[in-house]
């Protein structure tokens with residue numbers, strides 16, 4: 001980009017909230033940073049993405065957004081003013097011209113529990129929010145403002161979606177303070193700090209620290225080995241109170257044959273997507289992203305085809321007096 005890229009200080013612990021619990025944008029948290037060689041190289045790769053005919057969904061997306069030209073400072077102010085007045089075309093232009101900014105920021109959050117396309121999708125929501133609230137008369141560039149919103153939506157998604165049990169955002173932020181303090185103490189003390197040591201460092205009650213740390217305990221997988229010399233997993237010793245008998249198994253086989261017959265009443269694309277998503281016709285059940293990668297479509301397009309296919313299948317099943325929800329669990 002011709003303008004400076006922007007760096008936003010870590011806002012997880014310092015963010016302020018209004019009376020409705022919505023984070024308040026902090027202009028003081030923004031610092032301009034000259035673009036690095038890596039950033040410039042990444043920009044060049046993104047611009048070349050449109051010419052690469054690769055089936056990988058991420059590369060396809062990068063190619064698509066490569067067609068959108070960047071805005072000059074003057075164009076940015078022009079379109080931002082029109083967007084504030086409700087001009088839909090200007091709003092869309094602001095969004096499309098900054099999609100590469102979202103990709104660059106999303107890549108910094110790799111290996112945090114979410115796939116890159118999911119990070120980009122969350123970041124795009126932040127970009128849309130930034131376009132809706134940006135006031136060009138405030139004196140700073142749009143990328144400054146948008147970076148803050150993009151990072152907030154991505155970080156919140158990581159907090160929410162990478163936990164088996166979701167916690168309120170204010171609890172997650174407080175927990176992060178305790179965990180960061182625990183990491184710092186572990187380096188100083190050469191051992192894992194106790195709740196008492198963390199509480200003393202933060203001047204907090206020990207009971208509060210212990211309660212918060214328990215929220216971070218991991219859920220044990222039923223596939224995890226029991227330990228010792230045993231090769232059995234927890235799942236192997238749990239009784240299945242709902243195990244199907246012979247009659248149920250026969251009914252299930254008949255139902256599977258019927259599902260295959262109904263699938264072939266869909267068009268080829270709908271049939272393939274549903275088969276890959278739900279593990280039918282010899283396929284293993286797969287995520288939207290994995291299906292998109294296999295058949296050369298974006299995650300969003302796969303989702304749309306799935307919705308269309310399920311809608312058509314629902315119509316077919318209704319004529320049989322059946323409910324599709326009993327067949328597919330998403």
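Glycine residues also receive a Cβ, built from the backbone N, Cα and C atoms like all the rest.
Annotated region 'Sigma-70 factor domain-1' per Swiss-Prot: 56-89, in sequence order.
Here Swiss-Prot flags 94-164 as region 'Sigma-70 factor domain-2', drawing on sequence analysis. Each residue of the region 'Sigma-70 factor domain-2' (94-164) gets a DSSP state, and the totals for helix, strand and coil are 53 helix, 0 strand, 18 coil.
For 118-121, the entry in Swiss-Prot reads motif 'Interaction with polymerase core subunit RpoC'. Residues 61, 102-103, 106-107, 109-110, 154, 157-158, 161, 289, 299-300 of the same chain lie 6+ residues outside the motif 'Interaction with polymerase core subunit RpoC' (118-121) yet bring a C-beta within less than 8 angstroms of a C-beta in it.
The region 'Sigma-70 factor domain-3' annotation in Swiss-Prot covers 174-249 and is backed by sequence analysis.
Feature annotation from Swiss-Prot assigns region 'Sigma-70 factor domain-4' to 262-315.
Annotation comment: Swiss-Prot describes 288-307 as DNA-binding region, evidence class sequence analysis. Residues 55-57, 60-61, 64, 115, 117-118, 121, 269-270, 272-274, 276-277 of the same chain sit 6 or more residues outside the DNA-binding region (288-307) yet have a Cβ under 8 Å from a Cβ within it.
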